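Copied over from TrEMBL, here are the features:
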DOMAIN    26-195  domain 'Helicase ATP-binding'
DOMAIN    219-366  domain 'Helicase C-terminal'
DOMAIN    513-593  domain 'HRDC'
Amino acid sequence: MLDEAKEKLQHHFGYETFLNGQERILHHVMQRQSVLGIMPTGGGKSVCYQIPSLMLPGITIVISPLISLMKDQVDEAREAGIPATFINSSLSYDEMQERMDLLRRGECRLLYVAPERLSNQEFLRQLQSIPVSLAAVDEAHCLSQWGHDFRPAYMEIPRFLSFTGSDTAVLALTATATPQVAEDISHALDIPPDQMVKTGFARENLTFSVVKGQNREAYIVDYVKKRKNQPGIIYANTRKEVEKLWEKLNKEGIAVEKYHGGMEAAERETAQERFVYDEVTVMAATTAFGMGINKSNVRFVLHARMPRNIESYYQEAGRAGRDGDPGDCTLLFSPQDAGTHQFLIDQSHLDEDRKDKEYRKLRQMIHYCHTEDCLQNEMLRYFGEEPQDPCGRCLNCTDNRTLEDVTEEAQMVFSCVKRMRERFGKTITAQVLAGSSNEKIRTLNLHTLPTYGLMKNKTQKDVASFIDFLAAHAYLSLSDGAYPVLMLTNAAIDVLRGTERVMRKETLTAETVSSEDPLFEELRQLRLELAKQHGVAPYMVFSDKTLKEFCRYRPQRESEMMEIKGVGRQKLETYGEAFLGVLQRAAAGEVKS
Ligand code: ADP
Ligand code: ZN
């Protein structure tokens, strides 16, 4: 049985061996046993139901949270030569009939639906004559109230499973599951606890960084400019912020789209498509964007603000590098973000117990931003995994900036905050220290403080950014609310007493990611054209990783091309010739490289 599965893996996907966990999941599924698969993004979850759909007698239904995603999922399967279809509210009655007929005749055995469909009477009536061998629940954490993405419609799934009967195996899949969430999923779908396949969470191709106390906008612009042609997502927390970022990047000449809840559905769809189809490189979005987007060549995910918990962060950041090629995950931290989340939890309608849980998660997120340990390991610990050797890639593992002693300046700021009785915010404090002649300072009589003008050799902006640095490193805390005031923490008091010193690293600047080699660019261009002709997204033609293997091994004929990871039969037939054409020209020295 597994031999046959392996043969399908080679034939349809062009891979010789299974990834960690895939084989164990297939083993359960092919014996019609229910199983919970917890694998990180990019772990190869879809293969775990796509291959069984070709081998099991009845159909495989994939329950997937977003309608907008289904077309992509189906296109991707079809590109690999797997007959698949979806049924959702965008179809007319006749179209739906047609697709049900295909399923009934066994011409198509892989069906994608949204959870809402499972309680549609007409759909259920039609399914009575079609045996369902496997129900795959994608993004299964949506079943859990403790997860960060609870979806009431997912609660329909158990009832649906009792409708299809005991011959239907269940495959629940998710990338984010704390033990609590895993338990909820198993419980809801009746999956025995020993039928859980969990692979490591570590993503060897991702590089995590937390950047603190820097000018946010300037950093983002610089970062994006240094990543020419690299597709990436920038997450912000509010619509307004997304708009601002979009405008700014647009002005800087970057091909950027935006996505947030304030846009029309059609506008959002176009924006998403332009990003997925490589028509723009950057997407500025709220976290409404990207749930399960399958685009595999996202090269960076930049968070302009701290997310509210580590689960959300890992899920969002994990959208980088699904194809296994390098992905950069950077989080820009500023302490106000913590205050905002705190405020939102406060104001929410959650019960006290739930609020406490949310606060705890928030504190863990803040801890992640402050830790000096390996960031990858910090993440693993959160998900209940034993940390490994430090990753050697994250900013904490690689940071070798020199340290500067800034104790004296820090003492000036702290004593000023103290003199101002911890009643003012950053701007006014910076004005006082820089000796501003602002009228408000005089009205408040702050110009008579002994700390007035103490840092007048610096600009007000520099002082403000130094205050940001001190807050980011938890020497100063900020009160909640719309006008946060600065307060001293115990660490600051130690510094004032002279028992602790404050060290600051040089400013961090984004690294330039070297521009691609000309052959890769040429292959990428060809991929874009072919994708347009075939009406699919470029990553569905071949992944970035496969293109890089082309550059490395330079196959010259079909048999050599078949050896490359990611080249299956169908893709070879559809696209092989065109790519071989470029590779042969390169071998003849006609493409610079
Ligand atoms: P997930 O849904 O877990 O995020 P996908 O199913 O989208 O992951 O797969 C991620 C990437 O891994 C895809 O590019 C896919 O082609 C690739 N992949 C899947 N299975 C294998 C395998 N056995 N060997 C190599 N790559 C694989
Ligand atoms: Zn590390």
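Counting starts with 1 at the first residue shown.
A Cβ is built for glycine as well, from the same backbone N, Cα and C atoms used for every other residue.
Taken as a whole, the domain 'HRDC' (513-593) shows an average pLDDT of 91 in this prediction. Per DSSP, the secondary structure of the domain 'HRDC' (513-593) breaks down as 55 helix, 0 strand, 26 coil.
Using DSSP to sort the residues of the domain 'Helicase C-terminal' (219-366) gives these counts of helix, strand and coil: 68 helix, 23 strand, 57 coil.
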